[in-house]
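> Here's a structure for you.
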C-alpha cells in the first residue's frame with residue numbers, strides 16, 4: 001500500500017519514484033519481513049512459554065527428540081504475520097496474484113492453527129481429524145484455483161510449461177483447476193511432513209521461494225520471458241515481493257529455529273508455507289519446476305507413501321522410520337548433519353531447477 005502513497009508523493013518529490021522499482025521493493029520486502037520476524041520472535045516465544053504451548057513428541061520417535069518435548073510451537077504465527085505485513089506494505093494491492101497467495105497463506109494458516117491448538121492446548125495428540133483437515137484444505141484450494149482460473153483463462157496463464165521443451169505448452173482449460181488443487185494441497189502437506197527437525201523445513205522453503213522470486217521476475221518481464229521461452233504474465237512481477245517476503249520471514253524464523261530450536265513453526269507455519277509455494281508455482285505455470293526445486297519435499301513425501309504402502313502390502317518397512325529424515329537419525333546421523341545435508345541438497349536442486357529454464 002505504500003506504493004500508492006509513493007505515487008501520490010512523487011508529485012512533490014521525485015525521489016519517491018524509487019518505490020516504483022520492483023528490485024527496490026523486493027529488497028525492502030525481504031528486510032521488512034526479516035526485521036518483523038526477528039522483533040516478534042522473542043515476544044512470541046515468551047508468550048507461548050507462559051501459556052505452556054509446547055511441542056508434543058511421539059513416543060515411538062528417535063530418543064533424541066524426547067528433549068524437544070515442551071519446546072514452544074506455533075511459531076509459524078511470526079512467519080505468517082511478517083509475510084502478510086511486508087506484502088501489504090510493498091506489493092501493489094490491485095494485483096490479483098498477490099491476493100491469491102495471501103488467501104492460501106492465511107487460509108491454510110488458520111487450518112494449521114486449529115490443528116496445533118487441538119494438539120498443544122487441548123492435549124489431543126492427533127490434532128484436527130485428518131478428514132476434516134483435508135476437507136478444509138480442499139475447500140480453500142478449490143476456491144483459490146477457481147479464482148486463478150477466472151483471472152487467467154484467456155491468457156497463457158493456463159498453459160502447462162514442460163521443462164526442456166520450449167514448444168510443448170498444452171492449454172489445460174478447466175484441467176487447470178484440478179492441477180492447481182493437487183499442487184497446492186500436495187505441496188502444503190509435503191512441507192508439513194518435512195517439518196520434523198530443527199530448521200529442516202524452513203531453509204528449503206527459503207531456497208525455493210528465492211528461486212521463484214527470480215522466475216517471477218523473468219515471467220513478468222516481456223523480454224526475459226521471450227528469451228527463456230516461458231509464458232509472459234503481466235501480473236507475475238509482483239510475486240517477487242511475495243517470494244522475498246517469504247525469504248525474509250523464513251530467515252528471521254530460522255534465527256530461533258536453528259538447532260537446538262527455541263521454537264517450532266507447527267502446522268500453522270508448515271501448511272501455510274507449503275500452500276503458498278504451491279500457489280506461486282501454479283500462478284507462474286511452473287509446477288514441474290516446483291517438483292525439481294522442492295525435491296526435498298517430494299522425497300520426504302514419497303518416503304511416507306512408500307513406507308505405508310510397503311507395510312500394508314508386504315508387512316515390511318522400507319525405512320527404519322518415515323519421513324526419511326528420521327531414517328537417517330536412526331542410522332546414527334546427528335540431527336545437525338541430517339539438517340545441513342538436506343539443506344545442501346535443496347540448494348543444489350534449486351540451482352538445477354533454475355538451469356532448466358535455459359536448457360530448452
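Using N, Cα and C of the backbone, Cβ positions are placed for all residues, glycine too.
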> Of 168-188, 315-335, which span is tagged transmembrane segment by Swiss-Prot?
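Spelled out, Swiss-Prot records transmembrane segment over residues 168-188, not the other listed ranges.
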> State the non-local partners of the transmembrane segment (26-46) in its own chain: residues 6+ outside its ends, Cβ under 8 Å from one of its Cβ atoms.
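Contacts with the transmembrane segment (26-46): 72, 75, 77-79, 81-83, 85-87, 89-91, 213, 217, 240-241, 244-249, 251-253, 255-256, 262-263.
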> Considering only Cβ pairs within less than 8 angstroms, which of the stretches 94-114, 132-152, 168-188, 236-256 has the most against the transmembrane segment (263-283)?
94-114
> Which stretch, 72-92, 236-256, 288-308, tops the Cβ pairs under 8 Å count with the transmembrane segment (168-188)?
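If we count Cβ pairs closer than 8 Å to the transmembrane segment (168-188), 288-308 scores highest.
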